[in-house]
């Protein structure tokens, strides 16, 4: 009998970074911890440091064995895309510093894994994540996205173990 795998999911953002930790065992998901790091709109270097330190502390406390981060989607605003890239970099660095490998998934792949379609809206994602992880209340948007990323990675890990390429 295999042990549960603890997975960290991160939805990076320059103002709010969502995070989720779930345990995955067979077909079952267990919610361990989730929420968001409120970063505000102050100095960008300080926000990046808070992402790095917040995730680093979380990894030390909850000891996940796997981690996944959402990739950057195309944005019209170049400044926003750069800030999002920096937030992703801080998250990935925190994960890598804890000797975890980092899986990266585009939003459409996460939506496909959770809802079955790459064009799902936020309400559909929120609804399915709440059901999959058995949450009593609907998660906040950043929290739901981070949970979806963690669940997507769990599905990907399971398919890799079965030898199914995705």
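Glycine is treated like the rest: Cβ placed from N, Cα and C.
All annotation found in TrEMBL is predicted automatically rather than curated by experts.
Residues annotated as Mg(2+) 1 binding site in TrEMBL: 11, 142. If you look up TrEMBL, you'll see 11, 70, 142 marked as active site. Annotated Mg(2+) 2 binding site per TrEMBL: 70, in sequence order.
Overlay of TrEMBL feature records on the structure.
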residue : record                : Cβ neighbours (10 Å)
11      : Mg(2+) 1 binding site : 27
70      : Mg(2+) 2 binding site : 25
142     : Mg(2+) 1 binding site : 23
Note to self: What whole-number Å value do you get for the CA-CA distance of the residue listed as 'Mg(2+) 2 binding site' and residue 142 (Mg(2+) 1 binding site)?
What the structure shows: 11
